[in-house]
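As structure tokens, the structure follows; a few thoughts come after it.
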Amino acid sequence: MENTNPILALLTPGVFFAAKKQDPFDLRIPALLVLISGFGGAGTGYLNSQIQNQLIGHTPTSLDPLLTLASAILMAYLVWVIVTGIFTIISRILFGGGEFLQLLQFTSYGFIPGFIGSLITIPVLAPFTGSLRLPALGDPQMIGAMVDQIQHTQTMQMVTLIGIICLLWSGYIWIFGVREAEDLSTHHAAIIVCIPIIIAVAVKIIGVL
């Protein structure tokens with residue numbers, strides 16, 4: 001159908017999911033979207049690991065990028081299932097719904113903003129991590145203190161802000177996905193989505209305060 005282009009999920013999610021619901025159930029495109037988001041997560045994860053390697057004195061190996069990629073892809077799929085599970089549980093508790101597979105399909109489209117965020121974050125983060133020269137620290141407390149200092153730099157705060165914006169964008173998409181998957185009102189769908197989104201945003205903000 002003409003209204004089921006994944007790009008429309010970013011701009012008009014209400015129209016997109018209403019049309020998508022009429023299509024046969026299919027997890028191939030959703031699985032591909034989550035896979036792509038995993039590649040984006042691998043890029044930012046690898047840059048963050050460079051900071052950690054300096055602090056613990058780890059010498060990078062040729063396997064590190066592959067391990068980072070595998071971990072990021074696995075994490076993306078785990079988060080996909082976990083987020084869907086959270087929405088399903090909240091829906092069942094509050095409104096008696098909870099169609100997991102349909103919701104799993106629709107939740108995947110909320111991962112697109114995360115990939116876009118990675119495309120923005122990587123060019124910001126790469127020069128920063130490349131310019132860092134950190135001493136190897138053996139004391140976990142000293143490592144924690146140094147990480148705290150790094151988190152409060154302007155670059156890392158910008159990265160956090162980008163992450164929050166993308167998370168809110170994902171939440172906006174998920175509201176309409178939950179609405180259509182669960183046959184709920186927009187208000188009820190917003191309640192389901194906003195509970196975990198507010199918690200996630202609060203954790204991000206606390207991390208840079």
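Positions of Cβ are set from backbone N, Cα and C atoms, glycine also.
According to TrEMBL, the domain 'Yip1' annotation covers 10-202.
Feature annotation from TrEMBL assigns transmembrane segment to 29-47 (among others).
As annotated by TrEMBL, transmembrane segment applies to 67-94 (among others). Within the chain carrying the transmembrane segment (67-94), a Cβ under 8 angstroms from the stretch's Cβ atoms is held by residues 34-35, 37-39, 41-42, 45-46, 49, 100, 103-104, 107-108, 110-111, 174, 178, 182, 184, 188, 191-193, 195-196, all 6 or more beyond its ends.
Feature annotation from TrEMBL assigns transmembrane segment to 106-126 (among others).
The feature transmembrane segment is assigned by TrEMBL to 156-177 (among others).
The feature transmembrane segment is assigned by TrEMBL to 189-207 (among others). Listed by sequence, the residues of this chain that lie at least six past the ends of the transmembrane segment (189-207) yet keep a Cβ under 8 A from its Cβ atoms are 83, 86-87, 90-91, 94-95, 151, 160, 163-164, 167-168, 170-171, 174-176, 178-179, 182.
Within the same chain, residues 6, 64-65, 68-69, 71-77, 80, 104-109, 111-112, 114-115, 117-119, 121-122, 125-126, 129, 159 sit at least 6 positions outside the transmembrane segment (29-47) and bring their C-beta atoms closer than 8 Å to a C-beta of that stretch.
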